[in-house]
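Peer 1: Have a look at this one.
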Amino acid sequence: MYNSGCNNLGTAHEMSHRSPLLTFFSTFYTPPPACPTVIKHRNSRPRPKYPLTSLNLLLFRRSTKVGKGKMKSALTPFIGFQLTVLFTLQLNLLPAVSLPCRSFCGTIPVKYPFGVDEGCGAPQYKGMLNCSTDLFFLTPSGNYKVQAIDYDKKTMVVYDPAMSTCSILQPHHDFLMSDIQSAMIPPASDTVFVLLNCSIDSPVLNHYKSLCFNFSGHSCDELYSACTSFKLFHLLSNSSPPCCFTGYDTVKYMSMNILDCSHYTSVYDTDGLKGIGPLDWSYGIKLSYAIPDTGCERCTRSGGTCGFDTQTEGTLCICSSSTNSTRECAGGSLASTEGSQSPLKRSFRVLLWVLAAVLGVVL
């Protein structure tokens, strides 16, 4: 019986009585169009109405039972070779399905609301993180290395490489954040900025001295005597120069030049530092962020990654490198994909179509 790959297999019910394998494949593919009419010529084999490809030619000769013994055994390897080539080509054309949003930068996990790729995360945090070899938090005053992100507590710890610590003394500079950063991811309440070696004319020691507060019972003398880098101030003045423990708002509205302090450092987790010396403090800046309520959990549960449209900044659920939806993946009613069918599904349908056609000839 001649079969060119068209639907000469019958209905799914009829196929189930012919072969269990055909029953399995009938659930995955849509039957091709009905077979074309065959024109019979006198003293000749049946001929189809359209040109034969190399594969169809082999199958045609096989189906007409010419040379029942030798021809059948000779064509079998060629049919296997043709199928191998077709399957190899189709597999090479299958796209690599991957999400465009990186989930790690080095050892730091990158999750919603953050993103390091375009259109990933929440639009309120776009452009705040950069991933090179390490993850950096970008601000108007510089780039700060991200040390850790706690997604349960919604905090991020960053470190200023130009900041003075108990072991190293650095020239002073300002720590500034944009307005959106100050609103969305400000320094946490248990982060203290320490202004060092201040002039007696400093605003925080005069008109704005209320901006300085007691820090877990610690004093300037303790800093200048315990830290190797800060001992220099004590040696130069033969006394302990003034210092100020303050919050971010002070350094936000007044630069280090206005504050008239030569250096600064910052310490986080200050609530648990009572009775602990400066050598064991945690130096850095802890930021506390908020997560916009955009229904991201629904997208994540469906296997997608939360992101946004780079032009409209509307919320998106990124399902693959070529498919997005508005709320969730896996064919939700709110899905808005870039095509009715993904390339992977179309390629798989072709593979099943070819295999079903060959089975129809061989059986």
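Using the three backbone atoms N, Cα and C, a Cβ is placed for every residue, glycine included.
The domain 'Wall-associated receptor kinase galacturonan-binding' annotation in TrEMBL covers 101-160. The domain 'Wall-associated receptor kinase C-terminal' annotation in TrEMBL covers 284-321.
Tell me about the surroundings of these features in the structure.
Peer 2: Counted with DSSP, the domain 'Wall-associated receptor kinase galacturonan-binding' (101-160) comes out as 3 helix, 27 strand, 30 coil.
Cβ atoms under 8 Å from those of the domain 'Wall-associated receptor kinase C-terminal' (284-321) belong to residues 95, 97-101, 103, 112-113, 115, 118-126, 137, 144, 147, 154-160, 175, 184-191, 266-269, 327-330, 332, 337, 342 of the same chain, restricted to positions at least 6 beyond its ends.
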Peer 1: Which residue counts does DSSP give the domain 'Wall-associated receptor kinase C-terminal' (284-321) for helix, strand and coil?
Peer 2: 6 helix, 12 strand, 20 coil
